[in-house]
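Enquirer: Got a structure for you, questions after.
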Amino acid sequence: MSITAQSVYRDTGNFFRNQFMTILLVSLLCAFITVVLGHVFSPSDAQLAQLNDGVPVSGSSGLFDLVQNMSPEQQQILLQASAASTFSGLIGNAILAGGVILIIQLVSAGQRVSALRAIGASAPILPKLFILIFLTTLLVQIGIMLVVVPGIIMAILLALAPVMLVQDKMGVFASIRSSMRLTWANMRLVAPAVLSWLLAKTLLLLFASSFAALTPEIGAVLANTLSNLISAILLIYLFRLYMLIRQ
């Protein structure tokens, strides 16, 4: 059977419209979890204020020089802030991926679904999803640090891994290997969707500061919710595409 991107886009749009409120609630819950965890594990405001003390920002030629000019205590604060942001983001993304994929599975099986039920049903697979998303994020970031393009290619090749892990109950490394093989064979169908997702995320990042006009916390929740909705659309597309490829 010939698969066209247009038909998968149409199916994705229909599913997203029909399940919008459930997907929105999952996205909002994941955004709230991300922001709360980030706040809990981040350094205090007083500690963050120390990062500006005695650091010659104007004289630093890059991030590496800036970090070198920091005191050991400031470096520890920066490391804690980075770790808190990364950890909370990974947790939120794992719950989002599990919740959205479970919504699709439950709806496809003709069952009624709610945001809490979808997240609860995804609980057994969340540890594996967390490890998978951590590894894929690490690979993509390493690729972006090299020359950007390798990171984008890795993001495309690994896109189907979460769907395979949940739908076929694969292991973490098996889903990574299978995703790379299957995506490479169907690059024309996967690449445009992933590139559109990356572009949408980049545009959202550029305008993220405007959300802080309300309060930093509410702005962070709104920005994360929109980011989660964008990711949810991609997950729906990838799930539908994967099911068609398997037929």
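Easy rule for this one: first residue shown is 1, then count along the chain.
The backbone N, Cα and C atoms fix where each Cβ goes, and this holds for glycine too.
Swiss-Prot feature annotations, pasted as is:
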TOPO_DOM  1-19  topological domain 'Cytoplasmic'
TRANSMEM  20-40  transmembrane segment
TOPO_DOM  41-86  topological domain 'Periplasmic'
TRANSMEM  87-107  transmembrane segment
TOPO_DOM  108-117  topological domain 'Cytoplasmic'
TRANSMEM  118-140  transmembrane segment
TOPO_DOM  141-151  topological domain 'Periplasmic'
TRANSMEM  152-172  transmembrane segment
TOPO_DOM  173-186  topological domain 'Cytoplasmic'
TRANSMEM  187-209  transmembrane segment
TOPO_DOM  210-224  topological domain 'Periplasmic'
TRANSMEM  225-245  transmembrane segment
Enquirer: Give residue numbers and ranges for long-range contacts of the topological domain 'Cytoplasmic' (1-19): same chain, 6 or more residues beyond its ends, CB-CB under 8 A.
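Expert: Contacts of the topological domain 'Cytoplasmic' (1-19) (Cβ under 8 Å, skipping residues fewer than 6 from its ends): 103-104, 107, 113, 186, 188-189, 192-193, 232-233, 236-237, 240-241, 244-245, 247.
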Enquirer: What parts of the chain pack near the topological domain 'Cytoplasmic' (108-117), using Cβ distances under 8 Å and only residues at least 6 beyond its ends?
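Expert: For the topological domain 'Cytoplasmic' (108-117), the sequence-distant neighbours (Cβ-Cβ under 8 Å, at least 6 residues beyond its ends) are 19, 22, 25-26, 29, 99, 102.
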Enquirer: Using Cβ atoms and a strict cutoff of less than 8 Å, what residues sit near the topological domain 'Cytoplasmic' (173-186) while being 6 or more residues removed from its termini?
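Expert: For the topological domain 'Cytoplasmic' (173-186), the nonlocal Cβ contacts are 3, 132, 135-136, 156-162, 164-165, 241-242, 245.
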Enquirer: Looking only at residues six or more beyond either end of the topological domain 'Periplasmic' (210-224), which have a C-beta under 8 A from one in the stretch?
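Expert: For the topological domain 'Periplasmic' (210-224), the sequence-distant neighbours (Cβ-Cβ under 8 Å, at least 6 residues beyond its ends) are 28, 30-32, 34-35, 38-39, 92, 204.
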Enquirer: Six or more residues beyond either end and a Cβ under 8 Å away: which residues meet both conditions relative to the topological domain 'Periplasmic' (141-151)?
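Expert: Long-range Cβ neighbours of the topological domain 'Periplasmic' (141-151): none found.
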Enquirer: Using DSSP, how many residues in the topological domain 'Periplasmic' (141-151) fall into helix, strand and coil?
Expert: 10 helix, 0 strand, 1 coil
